[in-house]
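Here is the structure we will look at.
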Amino acid sequence: MGLVGIQENGNGNGQISSDIPLGTKTKYIRMESDATEAEEEEEGLKNNNPETKKYILACAIFASLNSVLLGYDVGVMSGAILFIKKDLNITEDQTGVLVGSLSIISLLGSLAGGKTSDAIGRKWTIGLAAVIFQAGGAIMALALSFKVLMIGRLLCGIGIGFGVMIAPVYIAEISPAIARGSLTSFPEIFINFGILLGYISNYAFRNIPPHINWRIMLGVGLIPSVVIAVALFAIPESPRWLVMQNRIEEARLVLIKITNNEKEAEEKLQEIQVAAGSANAEKYESKAVWLEILRPSPPIRRMLITGCGIQCFQQITGIDTVVYYSPTIFQNAGITGESELLAATVAVGFTKTLSILIAILFIDKLGRKPLLFASTIGMTICLFCLSLSLAFLSHAKFGIILAILAVCGNVASFSVGLGPICWVLSSEIFPLRLRAQASALGAVGSRVSSGVISMSFYSVTHAITVAGTFFVFGLISCSAVAFVHYCVPETKGTTLEDIEVLFQNEGESQGSEVEMGDVERLMQKS
């Protein structure tokens, strides 16, 4: 199978190795034979043998376990902080720093994660993330002062930074195109599952004395790290990373495991070699990847805007404040009992976790953009409703019900689209030579945005009230709808090696002008 070699800034010679004209108004030439072949290829992917499907599924699950750590930390801190404040007598400002600093600190891990994953591999970067988090979690659980607690928080943040950056990249690189969206959403599923476990842990250990219960809550989060250590011996290295290292035979063996047969594995290997520029490996090694990111060509610039922009919008719409500070929100709505507050947060966790299943079921059927539109529009409506309930209906029965429904609706809308698809897009739109570093940059944007929003929440609410804060989040969510319309292309169903074509010409980032069927018809068979 021959691959159309869209290699601008990619194969070192700036040539487009195809007879198909790419800069014209018609954009692509449609050919019935090509269409038939593309449909046959898609059908072949759907008919992967069951053992191959199970193997890829297991790899995606194991690679996503680090995300449980992030989710658990987010969920458990929402309740544990109530008891930490009592036990260690920390101030409100210290509370904001403790909660929000995780995201700021994690950018260090995300920044280092791109280079690390290129140096030691995707697989072992996943393991490194687990080890660092485990060390930090143990220190936090045993901390006797705020300073020691922050040291543990520092390590946890770095570990999480590694984990959230590398898992989507690894999964995208081992997944078939037809299922890549669903599989790359797994980290978000596990984040949601971790959040739910954190909420349940809060509720389960709430009646233990305050100087012990929060330590148990944090300590339970170390369990997934042990599972990850075992999983590393079961999952393979990314075949695309192996090709980048010129370890072709190892890449071939991995591809045989994750494709239907040796012939398909060989064809895929040839595609990856073209994308990786194996024929010019020495030139690639000498090229500064960060220089290309800092001085991008127009297509790379559009990729960076899309990948980093969607990561930032994921956080600046306020999802972490809803998750971290849901007890505070419900207190403002009129719920006063500690048990009732924690029970309400458990309901939020269940809603968030169950809603992600909608994205998994439809992301590779409906596509990325329809779910993103549904998600951002739904979040906007729920954020305005939450603001309304807190501003005018506080402590009224209807107001409490509306606030709970608005919070649940907001997290549900987030989980349907913006939550999982953010990671899917950022891991699939960049060319192989830039994927790890550019994904790391996007993760940094996400972590910085999350940290700033979380750490400033108390200060902002004191200045403009909790209701005013969520009204602002509603306005930001409106702008997210416009960003999706103008800056996010539809990538459903196309291979990683072909996605670059979507960004080759101005205007193609607008999904209304791009059809995935057209992109698939760019594939030529030899």
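In case you wondered, yes, glycine gets a Cβ from its N, Cα and C as well.
Per TrEMBL, the feature coiled coil maps to 248-282. Along the coiled coil (248-282), the predicted structure has mean pLDDT 77.
Here TrEMBL flags 59-492 as domain 'Major facilitator superfamily (MFS) profile'.
Under the heading transmembrane segment, TrEMBL lists 55-83 (among others).
Summarising the annotation, TrEMBL assigns transmembrane segment to 95-112 (among others).
Annotation comment: TrEMBL describes 124-144 (among others) as transmembrane segment.
Per TrEMBL, transmembrane segment is recorded for 151-171 (among others). Sequence-distant contacts of the transmembrane segment (151-171), counting only residues of its own chain at least 6 positions beyond either end whose CB sits under 8 Å from a CB of the stretch, comprise 59-60, 63-64, 66-67, 69-70, 73, 98, 101-114, 116-117, 122-123, 125-126, 128-141, 143, 180, 183-184, 186-187, 238, 423-424, 426-427, 435-436, 439-440, 443, 446-447.
If you look up TrEMBL, you'll see 177-200 (among others) marked as transmembrane segment.
Residues annotated as transmembrane segment in TrEMBL: 212-235 (among others). With a threshold of 8 Å between CB atoms, the same-chain residues lying at least 6 positions outside the transmembrane segment (212-235) that come near it are 58-59, 62-63, 65-66, 68-69, 72-73, 76, 79-80, 83-84, 87, 123-124, 126-127, 130-131, 133-134, 137-138, 140-142, 194, 197-198, 201-202, 205-206.
According to TrEMBL, the feature transmembrane segment maps to 341-363 (among others).
Marked as transmembrane segment by TrEMBL: 370-392 (among others). When Cβ-Cβ distances below 8 Å are used as the criterion, the transmembrane segment (370-392) is approached by residues 313, 317-318, 329, 332-333, 359, 362-363, 399-400, 402-403, 405-407, 409-410, 412-414, 416-419, 421, 465-468, 470-471, 473-474, 477-478, 480-481, 484-485, 488 of the same chain, each at least six residues removed from its ends.
Positions annotated as transmembrane segment by TrEMBL: 398-426 (among others).
Residues 92-93, 95-97, 99-107, 110-115, 161, 164-165, 168-169, 293, 303-304, 307-308, 310-312, 314-316, 318, 320-321, 324-325, 422, 426-427, 430, 469 of the same chain lie 6 or more positions beyond the ends of the transmembrane segment (438-458) yet place their CB under 8 Å from a CB of it. Summarising the annotation, TrEMBL assigns transmembrane segment to 438-458 (among others).
Annotation comment: TrEMBL describes 464-488 (among others) as transmembrane segment. For the transmembrane segment (464-488), same-chain residues at least 6 beyond its ends with a Cβ under 8 Å from one of its own Cβ atoms are 302, 305-306, 309-310, 313, 316-318, 321, 328-329, 332, 368-369, 372-373, 376-377, 379-380, 383-384, 386-388, 390-391, 418, 425, 457, 509-511.
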I need to check the long-range neighbours of the transmembrane segment (177-200): which residues 6 or more away from its ends have a CB within less than 8 Å of a CB in the stretch? 42, 45-46, 56-57, 60-61, 63-79, 164, 167-168, 171, 217, 220-221, 224, 323, 342, 345-346, 348-350, 352-353, 355-357, 359-361, 363-364, 368, 415, 419-424, 427-428, 491-496
Taking contact to mean three or more C-beta pairs under 8 angstroms, with sequence separation of 6 or more, is the transmembrane segment (124-144) in contact with the transmembrane segment (55-83)? yes
Determine which residues of the chain contact the transmembrane segment (341-363) at the Cβ level, with the cut-off under 8 Å and only residues 6 or more beyond its ends counted. 75, 78-79, 181-182, 185, 188-189, 192-193, 195-196, 198-200, 202-203, 206, 322-323, 326-327, 330-331, 335, 371, 404, 407-408, 411-417, 419-421, 424, 492
